[in-house]
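Working notes, structure below.
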């Protein structure tokens, strides 16, 4: 391996997260001798429990962390430990320990509350304007802006809260922030339901938005930090699954309330969010805190206890604690003011203490600036911002926020309770569409889902816009409903579950809270802008069948179609895969990666990633697509060769596979650098033979 330049910040063995020149996916422990790793395990045992350190457990854990795929060579492993390690990567979602399931339940109720609030705000739009003094028949210019402001203030306030307050609020922990955000949501929901005029409703929806922003800024991060790496995508995307479920449940509740008391429906619809909200606040006092948060705060004993509850055996908990600690030491150099000459790996037992000391000296605004100054973190900020902004600019919230207004077709086609039930149908479609992503997000990847679904989203929302031009109002209504339904399904498979999952993963621990807070800020701000300006096109004076109204709707949805097309291009060239890596010819088979190992993915220069996608992956994808079409009609047509391997470690590994087929190098050798076959054993090797690449 060629060492990186001595200038700039160095990492282990010459590796620089800012410029991953060697294009490697590395395990920092393989550069250490076995004796050194065991000694560090003993030191960590003392830090976890000074009175009764379990030296044997942490020695074994450190050795397993050094060679995860060679754990059978580790001595003194018990039969239950071997069995647990052997089935670890195959353990399904429902086979996880009960404390982890309880934590997922908390995250699910948090997401359920989010979706419930969004949908009840939607259906409340049908009745609150007339009751609070707005003219919902002619919609004068000022009333349109008031209507948009009341709807957008929730998300604008949430965006500001996520950026400015979510990071300082982390002093009370992940679950503490969820509990506090629940209090704000409770006050906001009750106050909004009791509002006497639109100004009062505006203020309480702002309070409600503060709760939503704080909750959104921590829930996905919490989920990512407690998840096993091979299930991280599925567990984090429960956010989107239950947001969709909350939307459907909110629409259903809105319909039920409308039938009971139509005149005061919007008040009860707004207050109905208390049902999932109380469950969320109750669970926040039961679950364990995030082990990575406790580790960051130097509470190693608490972190080990939390990991022990979330993993099947104490050995797995000790291994994860040791390995995360080792990777955190590499992340120390991402903080400003760290000496270029220091090697964090030489001081493994001091990693957490040094991180705490540096964080105390680095203020909020400095860390916010580092999102754009530091190359590795800037790449994560760019990628997460693209994914989060694209979620708002794809057009989904035009439908989810204002479908009640869209679905009031002319001539009384859909009046009374009909829009409620159609909204409920869209909510159900959102839930159903999320399930395919549940099985694909970890096996095929986040980027794969985005790239597959954006073309369908572009075409369906454009077709929905063109449906407004059909002269027959009944056909027009039917076409619009069909294409909106198809658009929601495409969104639910791709953009919906990926956005928060992706943004919660990409930042290093030192910047995770503030980085994800910024990502949520961009998401909710885009949501607020859409909520503010779309009513200028949606709300119409007089006859809904007029040509001017239908033309405005066509142009509105056409703009979102263009934005979807642009987002597809940006994702292809600038968004990296975070689910894991692909080795050799095993296309579609992802080797899952820990959150800390993503530092290596974002250490690759942006231009190098984009260049590879343009020069290698794009021609290969087009040839592969043409081959798949033609092979059913043309016998003997050979498929395209796989693109060149990008990652150098994988190149060496493939060469070794060809030259030494069936040979195996013992994991745990003390020769400094491991051979390519040994690296394959560790499973931290990357190629770009599919879209999971650079």
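Cβ coordinates come from backbone N, Cα and C, glycine included.
Here is what TrEMBL records for this protein:
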DOMAIN    103-579  domain 'Major facilitator superfamily (MFS) profile'
TRANSMEM  145-165  transmembrane segment
TRANSMEM  177-198  transmembrane segment
TRANSMEM  204-224  transmembrane segment
TRANSMEM  236-260  transmembrane segment
TRANSMEM  380-400  transmembrane segment
TRANSMEM  420-441  transmembrane segment
TRANSMEM  448-468  transmembrane segment
TRANSMEM  474-493  transmembrane segment
TRANSMEM  514-534  transmembrane segment
TRANSMEM  554-575  transmembrane segment
* Asked: Does the transmembrane segment (554-575) reach the transmembrane segment (448-468) with at least 3 CB pairs under 8 A, where each pair is 6 or more residues apart?
  -> yes
* **Distal contacts, the transmembrane segment (380-400) - CB-CB under 8 A, six or more residues away** => 118-119, 122, 247, 371-372, 406, 426, 430, 450, 457, 461, 484, 487-488, 491, 495-496, 498-500, 502-503, 506-508, 515-516, 518-520, 522-523, 526-527, 529-531, 534, 538, 556-557, 560-561, 563-564, 567, 570-571, 574-576, 602, 606
* Asked: Could you give the mean pLDDT over the domain 'Major facilitator superfamily (MFS) profile' (103-579), rounded to a whole number?
  -> 82
